[in-house]
Amino acid sequence: MADEASIDTSVTTGEGVRRRDFINIAAVSFAGVGGAAVILPLVSQMAPSADVLAESSTEIDISAITPGQAIKAVFRKQPVFIRNLTPAEISAAEKVDVSSLRDPQTLEERTKEGKTNWLITMGVCTHLGCVPLGAGEGEVKGEFGGYFCPCHGSSYDTAARIRKGPAPKNLEVPTYEFSSDTVVKIG
Ligand code: FES
């Protein structure tokens, strides 16, 4: 009887082991599926989405911007100012003693050769990131004739250089090139 009992126990144990094996295999399989399900969203989050890729550069037609006018465009979800400077605005920028500036740069350094009338900058104040006024029709340009940030009173000149107020730097000039005389590619 003891032998039978022992045989019975061993059979029971054998079935138990088989069941546990099955459960373990099933658990590993689910873990595998779960692992893949977790990894895939991470990979897809790391890859730039189609709309981000599309926005990595922006082409803008500037043919309708007459001297003295500016437009606001969007580049990588941030405002960009494209301004066609008048001869008076160019000469005002060129007359400034660069060594007196907080962020010393000439208009020539901030524009493309032969196209100093096209001032292209980010429309983001370098203080705390507000959008300065001056690019829209009728907006105040501040006492230096460029842009004025209403948040804390930073004034930029006609080369969009910081002249007064708390902003530490000139408005940033993004990477850009002229695709033609009338089209600018930013980015
Ligand atoms: S954010 Fe422009 S002056 Fe403060």
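Counting starts with 1 at the first residue shown.
Glycine is no exception: its Cβ is also placed from the backbone N, Cα and C atoms.
All TrEMBL annotations are machine predictions without curation.
TrEMBL lists 87-185 with the feature domain 'Rieske'. Here TrEMBL flags 22-43 as transmembrane segment.
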Overall pLDDT for the domain 'Rieske' (87-185), taken as the rounded mean: 98
DSSP helix/strand/coil residue counts for the domain 'Rieske' (87-185): 15 helix, 26 strand, 58 coil
